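Peer 1: Structure in structure tokens, see below.
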Amino acid sequence: MSLLNLLLVILSTSTILTCYASRLAIQVNGGENEARAIAFKYGYTFEGQIGELEGVYQFNSGNRKMKGLVGQIRNEKKVGFIKRQVERTRDKKDFQEPTDPLWNEQWALHATTIQESDYNMRVLEAWIQGFTGEGVTVGVVDDGLQRTHPDLSANYDDNSSYDFVNYDSDPSPYYQFPYFDSHGTECAGVVSMSKSNGLCGVGVAYNAKVAGLRIFSSSHKGTTDSQEANALNYRYQNIDIYSNSWGPVDNGFTVDGPKLLTRLALQIGAAKGRQNKGSIFVWAAGNGGSKHDSCATDGYVNSIYTIAVGSVDSQGIPSSFDERCSAKMAVAFSFNAGTDEASHNPTTTLTSRCTESFTGTSAATPLLSGVIALALQANPLLTWRDIQYLIAYTSNSQVLMKEENARLWMTNGAGMSVSSQFGFGVIDAEAMVTRARVWTNVPPQLITLIMPSLTTRYISSNSSMSINYRVNQSTQNDVMGSTNISFLEHVVVVVSLKLSTPSNENSFSSYDYYDKLYNEEASIDSVLYHNSSRRGDIKIILQSPYGTQSTLLPYRDRDFVNNVGFKKWSFMSVQYWGENPVGEWKLSVSYRGAVGSVTVTKIRIKLYGTSTVPESVRKIPEACPDSCKNNRCSDQSQCDTCKQLRDSQTLECLTECPHNVKRIGNYCIGNLTSETVTPSPSCQQASLTDMKHITSATNCISSSSSTSTTVSRLLVTKTPVITSILDQPKPESFSGSPMMHASSITIILILIFISIFL
């Protein structure tokens, strides 16, 4: 840089310092007229009251030297404090896309060249709004977590981690032959891989903390009731979300779920976790779809305290392994059928490596857990039920409304699209955080127990039976507990039934099918497809007063069990969400078996909901503004997603981004790496109104300069309203700058440069 250029920089800097140092914030008793009089008396320009700060006004000396005047003003009887306004550097909260090597392959999080823009969960858009999971902790309940992984270590929460296999504080898994427990580390990476550190990809909630809760391993594949209960309540005031990518065996014939201790842990966690707002339990719906399995026989999924999530492929088609059930709340994009190269979700794995081979509902679960972390950052006051409401009302069903999917959807009595395959739709992170910001907590939960009058009912082969019962407002029949629900959330049907085999077919009643099947002493077909009675030939459907038919238990072709039925098994449905329960209900049990019969011995129905329509639901209009995509909005002023573009600060929908404003995805960020700014004509002409729009130091560039200046927008400087340099400055020194008057600095620096270079 030449000497002349250096001197020009110095001169410009000195003028800027002079400009900002010339403004004072002064408290004056007596009102605006008194303040104006004082300003006029000492030659200052009166610039008005500062904000809503009554009695606090801004004076501006312009370029005039006011040495000694501040001390005189301080001696005025009606003057309180005097604060010099000094420029302080501010960092504009710009958003930069991740630079991680596998970011462009994370099609489930954002639109990439691999995927169409609609087939992702819009996580990038939630980040642009400023939500990254900061302040939220996700506990990964699994086979351990490599806490030293370089893409996880920064977010690892040591104080909230525990190994319930070895009962110590280190949840590190086995990763030496023959054991290689990578599943938990892969789940953790989906949640909170660090951003832009040159490793692997980026987590959905990349600023969230992640804890490892180890409950099983390759050498200890099973879990005990106490292990599960311990993990699900561990540090439940610190851990916000428990991510569970595990459950009963997905073989098409297992019926299993949480035992007593774990059921209590789920209930207590929902009631007392997170300072009584409730722990969030996210659960994989299961990968047994190719074996005709159903998550209806997974007791973890059927709990009202859990959020069951399934999987959908990159084209909006059900994944081949995904299971159906009425308890499923949503799906996540976790399988790409398009290409082998990008068919899975990039994440972390053992020995500090990356992998792209993670998929299934195991991947869908941490994806949803990460999105919930974003929502909790947006609104930390959300309860466990609020989160379920947000999933119900923000999941995207339209993107899955393909012709080939039409038969999988129905509209319930509240106008909501529901599906046993897709729940309420695919998770939409942008919509969830947008609504979370303004969400009002739902009313208290009410519970109604219905006990239909039932004598033992027999169902012969190829036949069915039904039970009708009426629910009345406030005086419901055969009811125990609350009776004033008008807005449904969950419906649980507790069923006890057994299978009977005729005496001439009883050779299968004592057949040790598990032993034969697993030890391959009999062919699979001879066990799975025998000709006796079969539990898989039973189907249960519940119809609401609005005609909504929810399949609580579908037929399961591989469920060959013939000597065990269901004992007090809870089938749960979320498909009546928003309906009023008053009216006629109908429960149907069908048996398609050619031999044998079914005996129904007990039915109990539990209704969960509220007495009134929740406030945030009531505000949702039937028709959203035209600018809203897919007619989805929280009210008339805020779209879940915009059809075209969106302002990152105001969330207003736009048709185009303003000139020179950066665009990421469909967001106008309003921040550039650099831009050309024409300086203001004079510091003296800068008004208080101008100050509200100051975005860089160029507002007060030297009045003698007419040259446009390129200014970085990564760092933005603003003029604070009231900034104290010296709370009680001495009058004789106050008129100078914090270091020295700018003109003195200029003269000294010029002399130094002349002496050095000349």
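Along the chain as shown, the residues are counted starting at 1.
From the backbone N, Cα and C atoms, a Cβ is placed for every residue, glycine too.
Here's the feature list from TrEMBL:
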{"type": "SIGNAL", "residues": "1-21", "note": "signal peptide"}
{"type": "ACT_SITE", "residues": "D142", "note": "active site, charge relay system"}
{"type": "ACT_SITE", "residues": "H183", "note": "active site, charge relay system"}
{"type": "ACT_SITE", "residues": "S362", "note": "active site, charge relay system"}
{"type": "DOMAIN", "residues": "441-613", "note": "domain 'P/Homo B'"}
{"type": "TRANSMEM", "residues": "739-757", "note": "transmembrane segment"}
Peer 1: Determine, to the nearest whole angstrom, how far the Cα atom of D142 (active site, charge relay system) is from the Cα atom of H183 (active site, charge relay system).
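Peer 2: Counting only the Cα atoms, the answer is 7 Å.
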Peer 1: Return the average pLDDT for the domain 'P/Homo B' (441-613) as a whole number.
Peer 2: 84
Peer 1: What residue among the active-site residues D142, H183, S362 has the most other CB atoms lying within 10 A of its CB?
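Peer 2: The most densely surrounded of these active-site residues is D142.
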